[in-house]
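Please read the structure below before turning to the comments.
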Amino acid sequence: MVLSLILQLSTLWPACRADFTPTAPLASYPQPWLGAHPAAVVTPGINVTLTCRAPQSAWRFALFKSGLVTPLLLRDVSVELAEFFLEEVTPAQGGSYHCRYRKTDWGPGVWSQPSNVLELLVTDQLPRPSLVALPGPVVAPGANVSLRCAGRIPGMSFALYRVGVATPLQYIDSVQPWADFLLIGTHTPGTYCCYYHTPSAPYVLSQRSQPLVISFEGSGSLDYTQGNLIRLGLAGMVLICLGIIVTCDWHSRSSAFDGLLPQQN
């Protein structure tokens, strides 16, 4: 009796899940596109809308988050797109999202192919970028050098700064998670750092990169030699002063000693 009941329930289980569990999609069911407004990188407390757009009219849309088996949200519509609203997002709502859609004339449990994966990042500050010199931080005098500022998120705006200068030297909007800044001519040597941020409001700024020193070939050894000469010169002056003090002290002691000797008649 118990075994029979278990078998009956097991046959009903797929039917219960068929309406919301995507099956292996067929090639004839093209994938939708998933986007975020105002951006995929936002600060906490912002309202975010995820839009799932299908290439054809659909009946039901489903939004999925990585790590969850069932849809996070469902929307029943009769057009090509559905909007999923995430109110006052928190860092915990960040993650990987994708969406699917289905039509009324599709079989039970048949969903479209999954959309592109959208990475939603909710943070007050973006991770620190790296700054490297290509081909290297030591270049021939007058040669050009390229500085690559690399973050972790594509589609950001990058700014290159020179230490001691308040305004950015160069500014680049990049579709890649990095940007290359070209430094030309004799003004290349110096210390540089970079930032990146979201290209539109609400702006989220990264931490500053570690400073990078660019120098010409031979300038480091020349500075080192000059430093040694300065140190040797100071040491020589100290020795001369000590010698003068010792000599003066010896003369004063000698004169005092002569004064103590008895005078001969």
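Positions of Cβ are set from backbone N, Cα and C atoms, glycine also.
The signal peptide annotation in Swiss-Prot covers 1-18.
Feature annotation from Swiss-Prot assigns topological domain 'Extracellular' to 19-231.
Here the domain 'Ig-like 1' (22-115) has, by DSSP, the following mix of helix, strand and coil residues: 3 helix, 37 strand, 54 coil. Residues or ranges marked as domain 'Ig-like 1' in Swiss-Prot: 22-115.
The Cβ neighbour count for Asn47 (N-linked glycosylation site), using a 10 Å radius and every protein chain shown, is 12. Taken from Swiss-Prot, the feature N-linked glycosylation site covers Asn47 (among others), and the record attributes it to sequence analysis.
The annotation N-linked glycosylation site is assigned in Swiss-Prot to Asn144 (among others) on the grounds of sequence analysis. Around Asn144 (N-linked glycosylation site), taking its Cβ as the centre, 11 other Cβ atoms fall within 10 Å, counting all chains.
What Swiss-Prot records for 232-248 is transmembrane segment, and it gives sequence analysis as the kind of evidence.
The topological domain 'Cytoplasmic' annotation in Swiss-Prot covers 249-265.
A coil conformation is recorded for Asn144 (N-linked glycosylation site) in the three-state DSSP classification, outside any helix or strand.
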